[in-house]
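Working notes for the structure below.
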Amino acid sequence: MKEWLKISCILCLFGFLREVRPSESFITEFLLGPWRNITQDEVNRQVYPVGTYSYLAQLVVVFLMTDFLRYKPLIIACGVTGCVVWSMLLWTSSLEALKVLEFFYGTYMATEVAYYTYIYAKVDKKYYPRVTSHTRAAMFLGKLVAGTSAQVLIILKVMNYRDLNYITFATQIAATLWALFLPKVKNSLYFHHHDYLDGQCSTESRNHDTIDAGDAKSQSQVNEGLMPLKATSLLWLHFYNAYTNVKVLQWSLWYAMGLCGYLQVISYIQVLWKDIKPDSSIAWNGAVDATLTALSAIFALGAGYMHTGLLKPHILVLAVLSSLKGGAILLCCRSDNIFLSYVGFVVFGALYAFTITVASAEVARHLEEDSFGLVFGINTLLALIFQTIITVVVISDTGFALTVKGQYTVYAFYFIIIGVVYFLCALWNLLIVKSIRDNINLSS
């Protein structure tokens, strides 16, 4: 087996194991069940928002630590925090413990960046498209297995909602142990950039005979100082080159706003379903998650064809699909039929999978290849900032403290407004192009 494929397979097994979390499909059902003495309002306003704030607070630090520590330690940390989260779900019961748990869940989500970026530091650039598809496919497969198994186990009454956490706890342990077998990374993008290392080695080689033992420590301190300086300069260069590109800016802005809305919708959807049908004997959340995962994989694959033939991406696509997503969320929250709400959620998720894939590809297409991780990290940070603002304004007691259906109505119009704004932008671009063409025709 070729080395790049071997590394990809090892990483993908970690990604698969990490995503096999059958308990997540029924987490709200579990929290509001007989195992804990908390209310739906407490889950909605006091527990879940902590995860959002924690994720935002840790993302920048984790991103820099991922590069500085060269990926593998953060992948292991991702697995360890997963073990912490699900052990606390199983063996604690207080509201305060849930808030602490949500802090660690923020760490768990933030360290996911190491999984996505590790592979690019270990394989040649010509294999990037293949390994990207491998890592995404592994996660989709893990989610599909999780949703399907969870629903089957609940329907057959083999396990209850609490018991599903044992499976998730076991998979997180397995993922952590498997991460130990990942090969170490010698070079990273910023703090351990290969150009810097090559230059440092050359300098040390030339000066080997002129530096005595007493100066070795001083030389090492100088090199360590140069490393952060070079990292900072390279970070700024990549940031400036990326966000002064209009194409990168407009697609990145949608990426951030789209991701923000998606995270907010999926974070509280089980609370909405519990509100629609509070006395459900069997929830079908696992089947819904499995269906959504399968459709998302298909739609993401279909998005790849947007870059071929006549199906070239345009911001008008974002305008139309954003509005459709808003309509799907309205169906989700305004219907009293739980199955129509399921359908609305699946349609929303599938459309999001399509548009986020298109947006990601468009951002990447206009970037210097070495700045992928930085730009997508910044876009994610913006998404979390937007999500935090929405959480404070819409959900928290210091804001409007809307009911769960009111919250989802806001999310629906959030996407509809995004669609209208991007439609106006597309129209403006078309008018500018037409004006330029008219001027060219007149001058000729």
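The backbone N, Cα and C atoms fix where each Cβ goes, and this holds for glycine too.
Unlike curated records, TrEMBL annotations are generated automatically.
The signal peptide feature in TrEMBL is assigned to 1-22. What TrEMBL lists as transmembrane segment is 46-66, 73-91, 103-120, 140-158, 164-182, 253-270, 282-303, 338-360, 372-396, 408-431.
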Using Cβ distances below 8 Å and needing 3 or more such pairs, separated by at least 6 in sequence, tell me whether the transmembrane segment (338-360) contacts the transmembrane segment (103-120).
no
Do the transmembrane segment (372-396) and the transmembrane segment (140-158) share at least 3 Cβ pairs under 8 Å, sequence separation 6 or more?
no
Range from 73-91, 103-120, 164-182, 282-303 with the greatest count of C-beta pairs under 8 A to the transmembrane segment (46-66):
103-120
Between the transmembrane segment (164-182) and the transmembrane segment (282-303), are there three or more C-beta pairs closer than 8 Å, counting only pairs 6 or more apart along the chain?
no
Would the transmembrane segment (253-270) count as touching the transmembrane segment (103-120), if touching means at least three Cβ pairs under 8 Å and pairs must be 6 or more apart in sequence?
no
Do any residues, 6 or more residues outside the transmembrane segment (408-431), come within under 8 Å Cβ-to-Cβ of it, and if so which ones?
250, 254, 257-258, 261, 264-265, 268, 272, 314-316, 318-327, 329-330, 332-334, 390, 394, 402
Residues sitting near the transmembrane segment (103-120): Cβ under 8 Å, six or more positions beyond its termini, same chain?
7-8, 11, 14-15, 18, 50-59, 62-63, 66, 71-72, 74-75, 77-78, 81-82, 84-85, 88, 128, 131-132, 135, 182, 185, 189, 372-373, 376-377, 380
